[in-house]
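Annotated features, as they stand in TrEMBL:
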- 12-54: domain 'Transposase IS30-like HTH' (DOMAIN)
- 166-192: region 'Disordered' (REGION)
- 169-182: compositional bias 'Basic residues' (COMPBIAS)
Amino acid sequence: MTQVNNNTESRKGTHLTFAEMNQIEAYKKLGLSNRAIGRLLGRNYQTINNNVKKGTVTQVSKQTQNGKSYFYERDVYFADVNYDVYEKNRSHCGRRPKWTDGHEFVDWADQKMLKDRWSPDIVVNFAKENELFHESIIPSTTTLYHWIESGIMKTKNIDLLEKVDRKPRSTRGKARRNKKVHGTSIEDRPESVNQRKTFGHWEIDTVIGKKNADEPALLTLVERKTRFELIFKIDGKQAESVDHTLETFLS
């Protein structure tokens, strides 16, 4: 879910955070211009424009309509590409990249994954459900994996393979309803998938512009190795809408 920042005062002289880059990616999928994104994030237009150029790649996409498939090339912005370019530029300056946004969460997450052997998925969900931090600094599970792969965290991929506990012990003493798990958890995917070495592994996400779950949304499917992307417009982010779109596409 995209959080809108209504602060229109431009912040000059500071780099975009990875959280802001993810917001840009969501806004670009909704078709917003760089100027509109700058106003929403309280950032100068040129700052947004420069970062969009750094994080944009050309890819071949496929859309299915009325039983026919259409292929075309287009330029797409990705937050992780933007951040990778940022890190490389910083390393060329002889300085170690410094992660300042959300450092409290990073320190806490490292402790839970290294000491308590929690998985990234458990860390993110526990932090959100217990409101341990402001929602703006709690990343998604995918983003947390990216932080680990990028060396932002003290936790390494090898540490995740050695974890022994998959459930945090309750600190509030209240029972939680059993939760059904469909398929294999993201925390159990092989190292070759994390490092994007093999083809055929997809990431699925929904992007909405408002908090109302009934509003139309975008369903995105991205192949991890090639970044090949499929985008569908769906009625809402409910499971029924997502399932219907996937069943139609696969049939």
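Placed from the backbone N, Cα and C atoms, the Cβ positions cover glycine too.
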Query = In the domain 'Transposase IS30-like HTH' (12-54), how many residues does DSSP assign to helix, to strand and to coil?
reply = 30 helix, 0 strand, 13 coil
Note = Across the domain 'Transposase IS30-like HTH' (12-54) the predicted model averages a pLDDT of 89
